[in-house]
Structures are given as C-alpha cells and as structure tokens.
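TrEMBL annotations:
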type	residues	note
DOMAIN	16-393	domain 'Ammonium transporter AmtB-like'
TRANSMEM	20-41	transmembrane segment
TRANSMEM	48-67	transmembrane segment
TRANSMEM	113-132	transmembrane segment
TRANSMEM	144-162	transmembrane segment
TRANSMEM	174-193	transmembrane segment
TRANSMEM	213-232	transmembrane segment
TRANSMEM	269-286	transmembrane segment
TRANSMEM	357-378	transmembrane segment
Amino acid sequence: MSTHRGTVNQHQGSGLQQMLPGFQDVHVMIFVGFGFLMTFLKRYSFGGVGFNFLIAAFGIQWALLMQGWFHHLDETDWKIKIGVENLINADFCVAGCLIAYGACLGKVSPVQLLVLTLFGVTLFAVEEYIILELLHAKDAGGSMVIHTFGAYYGLTISWILYRPLLTQSKHLQGSVYHSDVFAMIGTLFLWLYWPSFNSAIADHGDGQHRAVINTYLALASSVLTTFAISSISERHGKLDMVHIQNATLAGGVAMGTASEFMITPYGSLIVGFCAGIVSTFGYLYLTPFMEKTLKIQDTCGIHNLHAMPGVIGGIVGAITAACASESVYGHEGLINTFDFKDAVANRTVNIQGGYQAAGLFVAIAFGLVGGALVGGILKLPIWGDPADANCFDDDVYWEVPEDKDENDLCRQPNMNHARGIPDAYQRSHV
C-alpha cells in the first residue's frame, strides 16, 4: 500500500483544499457525533463513546484496504493509491458499522464489536462496489450504501443475539439527566456537520453545492416536525428527549441519495418533513412492537433513524433520477450529475431510476444476509459477552470511579462547616 502521490503532490493546491474541510467534518461526525450520541444510557457512557472510538479506529484501517482492493488498486504496480477522498470513504464505511453497533449497544463484548466491524467493513466494500460500480447508482450521502445497509445489518445481528432475560438489567436501560445532555451533544455535532457528510464526495461544483443546500433544508424541516409530533404524542404536550436526539437527524439520512440532484428546496423540505414523522412515530410505536413481537432489541432505535429514513432516501433518489430532464439540468449538467460516460453513456434517466431502485434492494439484501451470517458467528459462546444481568453496565469492561452519594456528603456537618457552607443553603440544594 502506498500514498497516492499524484493526488497529494500534483493537486495539492486545489484537490486537497477542496477535500480537506469535508474530511475534517465527516471525521468529527464519526468520532464525536456518533460517539456522544450513544452516551444516553445511565451506566454505559464509557462503553458508548469508548467502544465507538475503538471500532472506528480499527474499521478505517481495514476499510482503506478493502475499498482499496475494489476501487483503487493500480494494475501497473499492484499498489493501493490513497488520497484524502479515500479517507472520507473509509469514514463512510465505518459509519455503517457504527450504525450496526447502535442496535447492539450495551449487550456485546469489545471482541464481538471488532468481529462485527471486520465483517461489516468487508460486506460494505462488496455492496458498495456492486451498487456504485456495477449498477452505477448514485448515492453521495449513503442513504442506501451506508444507512440502509448498516441498519439492517445491525438489526439482524440483534435479532440473532436476542436475549429473552434482558429484563434482568432493565434498571440500567434508561437514561439520567446528564447522560441525555451528553447524548444531545452528539446530536448537535451530527446535525451541524451532516451537510458535509452528504456533499463530501458529491460532484464538485453544482452537485456539491446542491447537496449542502438540500441537506440543510431537510434537516431543518425534520427538526420542526419532530418537535411537533413529540409534543402532540406526549401527555401535557411535553417533549421526549429520545425523539429530539434522534428523529431530528432523519432528514439528513433521507436526503443522502438525492442530495446532489435537482430536487428543489421545497422538495428537500418535504423529504425532511416525511422523515421526521416516520422516525418519531417509529420510536413511539415500532420500537416496542419490534422488541415484543419480532424479538429485535434495538437499543439506539437505529430502525427509526437509519433504516426507514434510508429506505425513504433510496426511493426518493430513484424517483428524482427517473424524473430528471435536460430542461432542468442542461445537457452537460445531466451527464455530470449521473456520470453518463463510458459504458453508461447511452443510459436514459428512466433506466437510471431503475438501477437506483435496484441499489436499494442490494443494500437491504446485504444487510439481512450478512447480518444473519455474522450474527451466527457472534452467537458462539467464545467471545466473552456480558451476562443478561450485567448488560448496559460499564463496570464489566471499564474501571469505573465509585459514585459518591451527595446526600451523604451533605449530611456530614463537619465537612459542610469546614467549607464554610451554611446548613440552610445545603438543605435547599439537596
């Protein structure tokens, strides 16, 4: 494996400066956004952000190799050429595994997570090659390749690893005030940088510009929709933090495939509106149904944030591609947007729409079949996974500082008086 010197040296003034900001934004999303989004559990914040760090760092290295073999292998010297765009694609690849991790959060061991990532990255590289290269489908923001695949991959693994006695750790499955605040930090990082996620590898120029605008509007729309549905569905019109942490991001997921297309601003708002509704209702009704009836224990609700919005994104992309025309894009714009060159130079937009739809089915199939195979491997009793009663607890794999009861501290008069704190003040703040 060698550095792609042509990319780094010859185009350093233009290519690197174009790609580097997008890479930085996506990198923050992977390590900070996804990591902190998983800290909502009251006793699993170390595991949420720490294991996210571990499998992301492992996954990007394996992704550079796997994607390099499929996309960037130089047949003259048989070396993989690496540039900044490869690093962005490696982050995208890891995102699919982090999505899958969300379904298994708190229920698997670090070794199982590494195995999940090893096979997940491999499956991702293959399905990405089929969808983007063989089918020549467009998916700049990864609604199909990343979100749909990653979600169904994780959900199938969670279904295979179903724990009927998980109620033994039910007291640890909820959140507390400060853990939800930390998770909201992850949400805000993801929300702010999602336009970069969807536009990082879009067609430079008009396509990238459209991707930023379309994603921005879809995200804003999904926020308003989520707040409204959450307030209507709860007693006394109160908001549920679970909805705000997750469903507000659904617009970015649903806009991934069509982000660089001419979907128009009102089209982006409609997509975000629909994604926000579907995602919020998913948390209200589908998650309990899936656990009770389908035996799928989805810790982070990835079915609502990634699977359903990802499918919506794939459908929107297929429809938008099939409806494209030269009167809207212009002759050159149509060619550049859909890369109608070389082997697909004579492809029509109707045919392109069909291939876009086929790409969605490929992503779902790889997620389901791959998840079943990997789930069977992870079910073997050799990985050191936690017992049902010890799930969602950092104490199993981490050195956790002992919690001190603030009430006990306040009941120690010598300590309070030594600090010069009046007893009346202490009682009013306990």
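Don't overthink the numbers, they just go from 1 along the chain as shown.
Cβ atoms are placed via backbone N, Cα and C, with glycine included.
Here the transmembrane segment (20-41) lies next to the transmembrane segment (174-193) in space: the count of CB pairs under 8 Å, restricted to residues six or more apart, reaches at least 3. Proximity of distant same-chain residues to the transmembrane segment (113-132), defined by a Cβ-Cβ separation under 8 Å and at least 6 residues beyond the stretch ends, is recorded for 51, 54-55, 58-59, 62-63, 66-67, 69-71, 93-94, 96-97, 100-101, 104, 139, 144-146, 149-150, 153, 157, 359, 362-363, 366, 370, 373-374, 377-378, 383. Same-chain neighbours of the transmembrane segment (174-193): 25-26, 28-29, 32-42, 45, 219, 223, 241, 244-246, 248-249, 252, counting only residues six or more beyond its ends whose CB sits under 8 Å from a CB of the stretch.
Contact between the transmembrane segment (357-378) and the transmembrane segment (48-67) is not supported, since fewer than 3 Cβ pairs fall under 8 Å when only residues 6 or more apart in sequence are counted.
Taken as a whole, the domain 'Ammonium transporter AmtB-like' (16-393) shows an average pLDDT of 95 in this prediction.
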